[in-house]
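Trainee: Before anything else, here's the structure in question.
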Amino acid sequence: MKTVTALLLVSLAVVAIEGQHMKSQRCVCLGAGLNMVKPVLIEKIEILPSSPSCGHMEVIATLKNGAGKRCLNPKSKFTKKIIDKIEKNNRNAR
């Protein structure tokens, strides 16, 4: 009986550790994000689609000169125009 109890505790510990691993994969952006960033400051744009760990799309702008990353509001006009341009470029590249 003690062996079964010990195995059960070890199994629960493994499940708890695996469950915690999934919690670390959450949304990158906190809040809605910025409505606009000066286009000349943008080096790269990343679009992260919604997923089981984050229920909404995220748009992340990497800024030039090591100024960091900024989350953009996917619902803003500015961000929608950027997404449209990226999608258009992807279609033309095919």
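Note: Cβ is positioned from N, Cα and C throughout, glycine not excepted.
Keep in mind the model is a prediction, meaning the values are calculated, not measured.
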Trainee: From the candidates Cys54, Cys71, select the one that Swiss-Prot records as forming a disulfide bond with Cys29.
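Mentor: In Swiss-Prot, Cys29 forms its recorded disulfide with Cys71.
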Trainee: Fewest other CB within 10 angstroms, which one of the disulfide-bonded residues Cys54, Cys71?
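Mentor: With the disulfide-bonded residues Cys54, Cys71, fewest surrounding Cβ atoms within 10 Å: Cys54.
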Trainee: If one measures from the C-alpha of Cys54 (disulfide bond) to the C-alpha of Cys29 (disulfide bond), what distance in angstrom results, rounded to a whole number?
Mentor: 10
Trainee: Would you identify which of the disulfide-bonded residues Cys27, Cys29 has the most other C-beta atoms lying within 10 angstroms of its C-beta?
Mentor: Cys29
Trainee: Rounded to a whole number, how many Å is the Cα of Cys27 (disulfide bond) away from the Cα of Cys71 (disulfide bond)?
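Mentor: Cα-Cα distance, Cys27 (disulfide bond) to Cys71 (disulfide bond): 11 Å.
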